[in-house]
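In what follows, a single structure is set out as structure tokens and then discussed.
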Amino acid sequence: MVNWTKEQEEAIYTSGSDILVAAAAGSGKTAVLVERIIQKLLAEHNPTNIDALLVVTFTNAAAQEMRNRVGAALEQALAANPSSIHLKKQLSLLQRASISTLHSFCLDIVKKNAYILDIDPSFRIADDMEMDLLKQEVLDDLLEEWYGDSNPNQDSFFEVVNRFTSDRSDAEMEELIRSLHTFAMQSPWPNQWLDKLVQTYNIPEEWTEEELPWMNVLRDEVSRQLDAVSQEIDIAYSITQEADGPYHYAKTIEEEKAIIQEALKNMESWKYLQQSMLQVKFGKLSGKKVDCDEEKKTKVKKLRDSYKKRFQKMQEVWFARNLDAHVYDMRVLAPVIKHLVELVKQFQDSFAKVKKEKAVVDFSDLEHYCLQILIDESSTEEEVIPSTVAMQLQRQFTEVLVDEYQDTNMVQETILQLISDRQGSGNMFMVGDVKQSIYRFRHAEPSLFIDKYKRFSNSDDPSIRIDLARNFRSRENVLLGANYIFRQLFDEDLGEISYDDAAELIYGNKMYDDHPLEAKPELLLIDNNSEDVEQSDNEETVEDLEKAQIEARAYAKQIKNWIGTPEDEIPMQVVDKATGKQRDLQYKDIVILMRSMTWASTIADELQQQGIPTYADLSTGYFEAIEIKVMLSFLKVIDNPRQDIPLASILRSPIIGLEEDQLASIRLADRKASFYEAVQRYLQNEQDNSDTVKSLIRFMEMLNDFRQSARQGSLSELIWDIYRETGYYDFVGAIPGGKQRQANLRALYDRARGYESTSFRGLYRFLRFIERMEERGKDLGAARALSEQEDVVRIMTIHKSKGLEFPIVILGGMNKEFNQRDLSEKYLLHKDLGFASKYIDPVKRIQYPTLYYHAVRQAKFRDMLSEEIRVLYVALTRAKEKLLMVGTVPSIEKKLEKWQRIVDHPSWVLPAYFRMESKTYLDWVGPALLRHVGSEKIRTENIGNQVLESINQDPSDWQITMNHALDYMDMKDSSMDNDDNLKEKVFNWESVETEQEGLKNDVDARLSYEYAYKQATVFRAKQSVTELKRQQEVKDDYSDQQILPPSHGPIGKRPNFLQKKLKLSPAEKGTALHTVMQHLPMTHVLSEPEIEENIEKMVLEEKLTRMEADSINIRAVERFFHTEIASKIISGNDMHREVPFSIMLPASEVYANWKDQSNEKVLIQGVIDCLLQADTGWIILDYKTDFIEDNPTSQKEQELIHRYQTQMTLYRRAIEQIWKQPVEQTYLYFFSQQLLIEVPYRD
């Protein structure tokens, strides 16, 4: 019985209104959601039917897990109350219940209402590959049309091209249209969103600032910057007022503060604000010599330089040109933007038309089609009216439950609102955590959650907010550490939510109390400053190492300490979730989280060199893998052999294996022609039988065969033929990394099959698709060659780790800068502010950002930083027992100096300007921890009394460690060192002595070792009943003793492709007849037509092939139903068919020649055709398809009994030993003669 907390119970049982459950990390939100569903189904009064609930999950896996949990609860309830009709009904409805992703729900709605949309109801969902190909095809056709002379708007089109693309290719134009299309489709009203882009630039002649909504973003940002300037001025001024402060600076600073205050008064008007900002001139500080503290004097100067620089930057960037000039620039761009939008709409129409013709959709189409069905035709963007279908769904669903609500986008929100009850007080139950909303790149809209989060806590709103803050994942020290960090980072400015008492993580898993662990959350700082470092004997220097290598070695050192060694160190103990007890730490308990995977390959290599098994699921590197390069080159040559580089690479590859001098000789055969023609000329000229000629002849024959296959067969078959005929697949499996290399080759085959399952065909188009992916910088990622349970340290992105948990988390690359590349493009896109382009003059060849561009950039920048704080929250909350953050910095001293400027900030949350100017996670976490009482050792000055008392009293217990990169110089793989020493001695002709005197004797002993149980090596440890029966038949030493006698024919069932070409063997016919007897109904005497009908059904169900079905003697089967044994079966006795068993028997009983005195046992396996319940036990029936002569004599029957005596005896022993019930009789039934023989028991 689960002990739910008060808040969890409230979330499970509260009803009657819209409910938002703000569930912190590790708070058991999925369990609560499932329990709510179960309790609604099991309620004593007015229980809900499961088909009256719509449950929306984020992934298919989550939906299936939820369905399984609900099913298990229903089965348990039904076991306790087997007569409940309601529970039986719920179980029958479960598989059809609406528990799915929103995309699956949309698919169901669209399929059922396809007639409304006038689309083919048999449409299929295309994958990303096919959609990419379709988009490219449509763009190619449209660009050809737009560039054509018949285009009436050619001049307008060229205007767009000249402003937004280079003269090298149309790639930028294509990407621009793709981006605008993708962004538009994230709106419930895509065409209206595009129209608004044009409206933004169509500024009237007489305009006011109120008509420029994007100006509010800039005003807010200027206000924040001026507040930051004021704060720095206040700090500087307060220092001048101290007893030994630089008081002679006070007057200048005070005057500058007054100017800033004046500027803040003009925030309502940009014109007046600009005037006041540009009037500010910073004078020089007094040069008067006074007796004051030099440190304080320097600090005031640095503070003044900081706010002066901040202010001057605003003057230069935002106020250098007046607003009228910026508006004029936008008016100039207006017609260009208008035509660009027309191009995007034309692309959308053409793309939609092509998808309709091919009857394919993507996930975005599903959402928009669903929306079209649910929205009444009279709806507008301002007033959304539900359609008849939507109102039917509102009546059907008594509650709509949404998991991971923080990741919902506007289209999905509109769909959910249309099918939920808007007439009453609401019936939506939403679960999520906005602090974990990290999918803005997928257009997730955290503001939807935040709006409800604020509104539902208002007493005037009937809706309810429930906070689940109790964390059941992590140890208390991990939670306290996370709380300490995020109280200083989250607020409504950045992170978009305050980290108040309701948002804090509360320790909930008391299981850890029984297993204390000294493992503080830790920040490891690595100083990579190579200056003033003494030279060491080590040849490797700090400069030689990348940051990734340094950090990887730091990880390795920590991991080795945690794992321990068999000789001297005890492994760290972690609590096993399944048992609740402590166990040794394993590699798979450790994860290394990175913001991106750019370092992953280097880190994995370094860890593996240190003997630490590691796996990184890379999203890049697939096309760079040598085996993929070779295969793509081969495919290119098959497509067109007159491609010199691919052809040369294939000839040089292990597939053909020519050396450089051989390739040179071929080139000399014809220097001017293509390399393929040079190969042909070489073969014509060279009449000898050299290795080169043999290799080239073999290659040309192979190439001709493959080119023929490419014209006639499928692409995937061609690829597999290459693997098989060249042996390349086996070859790469035998070289280092073979498992991964083969996985990559299989992935190429799978991707080719996926390509062919689309509406596209052909080798050329497949290769062109791959080339375009490479041109756009896309990669497929190496194929996965690792199971989830393998004991390795995993490297993954923070995004991949969401929803997972690990005993130990290493968060690496803390000092890697945030990715801001998107903020410097020619154009920026924002869901609310639209499309902001730099002003581009193609004639003067100049471009510069407009004020509108600055506004959109600032909004995107703030959104990006808010997301980064949430990503950091996800990372820190993955840890169950130990959290280690690692950052490598060029100079710790300079970092500490920067961080210490704000440690005395008078509130918990770090200043907004400081957080916004931070470029790395370390620049957030570092100053936060520098305020911690545990950081006294690393502070460069005594600032303890300047920190807030509540911060000093915080219960978190952090460990801050500082190392130098030099500490990781001596961590080269020891085996490599030994190899290097050995090579050096051999090179210098020095004697090589072994370190162990007894090494020779040890080697001799191992080479002459004899296994103590020789006899066990020549007898099988596992036997089938059929094989034992064969050994009894053939009384010779060969069959009786050899463990693996040579095979004289195919073992087991032949593959389907062979079955289609050959006749069935007698054994295969027998197997087919056994399949028929296994699946035929035994409820009455079957006639021949009934038997034939059932066999056809088995073919349709793919239980039999057509050839197997045709081999069945239907007359023989029909005769079986007229036997005495069949009558017993039909009479209703308990009967089991195809009963598998395994039993252990002493080897001496199984093998007549067994002479060993050991207690060896043999595993016997078999399958009993039919078991029939008798009065006091069981009857065994075994079907035989042996051909026997007509009217067999009693002597012949005795021979048959003798042949199968061993088999039937083993069957009897198995049933009696396993089922603990006696076997009364054992029978053989021979179909060829309708003969039933009883086999007596032989002890």
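Glycine too: its Cβ is placed from the backbone N, Cα and C atoms.
Straight from Swiss-Prot, the features:
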BINDING   ALA23, ALA24, ALA25, GLY26, SER27, GLY28, LYS29, THR30  ATP binding site
DOMAIN    2-475  domain 'UvrD-like helicase ATP-binding'
DOMAIN    502-803  domain 'UvrD-like helicase C-terminal'
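Overlay of Swiss-Prot feature records on the structure.
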residue : record           : contacts (Cβ under 8 Å, 6+ apart)
ALA23   : ATP binding site : LYS29, VAL32, VAL431, GLY432, ASP433, LEU468
ALA24   : ATP binding site : ASP433, LYS435, ASP467, LEU468, ALA469, ARG470, ASN471, ALA503, GLU504, LEU505
ALA25   : ATP binding site : ASP433, LYS435, GLN436, ASN471, ARG473, LEU505, TYR873, VAL874, THR877
GLY26   : ATP binding site : ASN471, PHE472, ARG473, SER474, LEU505, GLU805, THR877
SER27   : ATP binding site : LEU468, ALA469, ARG470, ASN471, PHE472, GLY508
GLY28   : ATP binding site : GLN8, LEU468, PHE472
THR30   : ATP binding site : ALA62, GLU65, MET66, ASP403
LYS29 (ATP binding site): tally of other CB atoms within 10 A of its CB: 21
Check: same-chain CB within 8 A of ATP site center, minus ALA23, ALA24, ALA25, GLY26, SER27, GLY28, LYS29, THR30: VAL32, ASP433, LEU468, ASN471, PHE472, ARG473
For ALA23 (ATP binding site): DSSP state (helix, strand, coil): strand
Average pLDDT across the domain 'UvrD-like helicase ATP-binding' (2-475), rounded to a whole number: 92
